[in-house]
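As structure tokens, the structure follows; a few thoughts come after it.
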Amino acid sequence: MERTLTTDTPKKVGEKVKIEGWVDSIRDHGKITFVDLRDRSGIVQCVGKDLSKVTTESVIEITGKVSERPENLINPNLETGNVEVQIEEFKVISLAHELPIPINGDGYDIDEEIRNKYRYLDLRRPRMAKNIRIRSKVSAFLRNWLLSNDFVEIETPILTKTTPEGARDFLVPSRFQQGKFYALPQSPQQYKQLLMVAGFERYFQLARCFRDEDPRRDRAYGEFTQLDMEMSFITQEDILNLTEKMFSTLVAELFPEKRIQKTPWPRISHKDAVAKYGSDKPDLRKDKNNSDELAFSWIIDFPLFNEQSKEDFFYGSGSSKWAPSHHMFTAPHPDDVKLLDTDPGKVRGLQHDLVLNGFEIGGGSIRIHQPEIQKKVFDLIGFSEEQKKEFEHMLTSFKYGVPPHGGIAPGLDRFLMAILGEPSVREVMAYPTTASGQTSVLDAPSEATDGQLKELGIKVVKK
């Protein structure tokens, strides 16, 4: 007999079915026992006798006849609330021990380290299971929408080169070339620009990105996912309009209960945002506690450069006056190009940040496609000749016909956190790292064996 999902049982009244799943709850009424069986589709009530050996969260198989519930016993809160399965055969597939953490509440009050240790149980929590399924639907929508709008999905390398782009790299030692290292990508920035040189014109991927930077509620440690997009022969306004259309359609189809506060989305200069709201990611909602109210906005006209500090180790640690406010590939506003030679601090960049309910959920820009301007920016941020060589491939590619191009990279984790009203991005990720940098369940990082280190030509020196 084939397995029947719980939510299909109302279609099979009077029929014998086999259902399998987890015991969601047990109610023993003496001569009769009620078991709520849960599978990926939902829950159905089962009725039987002598089920004393069953524990909650055990995996079981039930065979029985589907019957209609008496009208006064119908559960309107359950999709299968008008039926129940009369147990004829019963099998325990896997008996569950007492769970180390409760999973029937929202889980916010449970220590994060414990939740991550037993993440496979935490994900049974209805709220968490719902979040992960919504994430899947959002990813599928974005992929299908972009493919239908003539974008090409292209995967870029995970093992790449360490370059000074903005944050600390995660390094991977090479076994074949000892003493040399790969870096995990902070973003596919250079690869996607090179794809524009290659002529693809419209590219995207749901990209895994890796940055060794301190965690925050809206930033998990180590890795995250962004919807990486790049387009050729476009203006900044084209990028903003396309992104707005994509997310507005997504909200209408997947979150019909939510309301976008204002369309078109407000465009606010960086200077005005800071002056008026005291932040470059303002929460424009009328009711700041209403997660069903979505206040999207664009922040534009950022300064191209900020004053460099000693913390800017990836640019020069204070050796130059300027550091890029976004990244070194962002194009200057065409009206301000002449100021690169006379007053760089007044140059505006063609950068755009997408803000939702007080969170920056994406950033992008029009890119530099003129080699002489790119070289000028390298000089202004204090790049040494050695550092410039790290980007020689970009400048070389510009010799062979490069279109004007730009893009945006909304963060999937941060978008979901904001639209679902969750307190942290870790609530919308299946296996996040903790605030202390430990991975879920597998508890990385861990020590390497002496044999592994020897094979890589590495020796660990303990301080």
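Backbone N, Cα and C define each Cβ position, glycine as well.
Looking at the stretches 49-52, 189-192, 277-280, the one that TrEMBL records under the feature region 'Aspartate' is 189-192. Glu360 is the only one of Glu153, Glu155, Glu360 that TrEMBL places in the ATP site (with Arg211, Asp212, Glu213, Gly411, Leu412, Asp413, Arg414). Secondary structure from DSSP puts Glu213 (ATP binding site) in coil. The 10 Å shell around the Cβ of Arg367 (L-aspartate binding site) contains 23 further Cβ atoms across the protein chains shown. Checked against Arg367 (L-aspartate binding site), the recorded positions His29, Gly411, Leu412 differ in C-alpha distance, with Gly411 being the nearest.
Secondary structure from DSSP puts His326 (L-aspartate binding site) in coil. Its Cβ placed at the centre, His326 (L-aspartate binding site) has 20 other Cβ atoms within 10 Å. Take Arg211, Asp212, Glu213, Glu360, Gly411, Leu412, Asp413, Arg414, the residues named in the record as contacts for ATP: the widest Cα to Cα gap among them comes to 19 Å. Just so you know, the Cβ of Glu213 (ATP binding site) picks up 12 other Cβ atoms within 10 Å once every protein chain is counted.
Secondary structure at Arg367 (L-aspartate binding site), as computed by DSSP, is strand.
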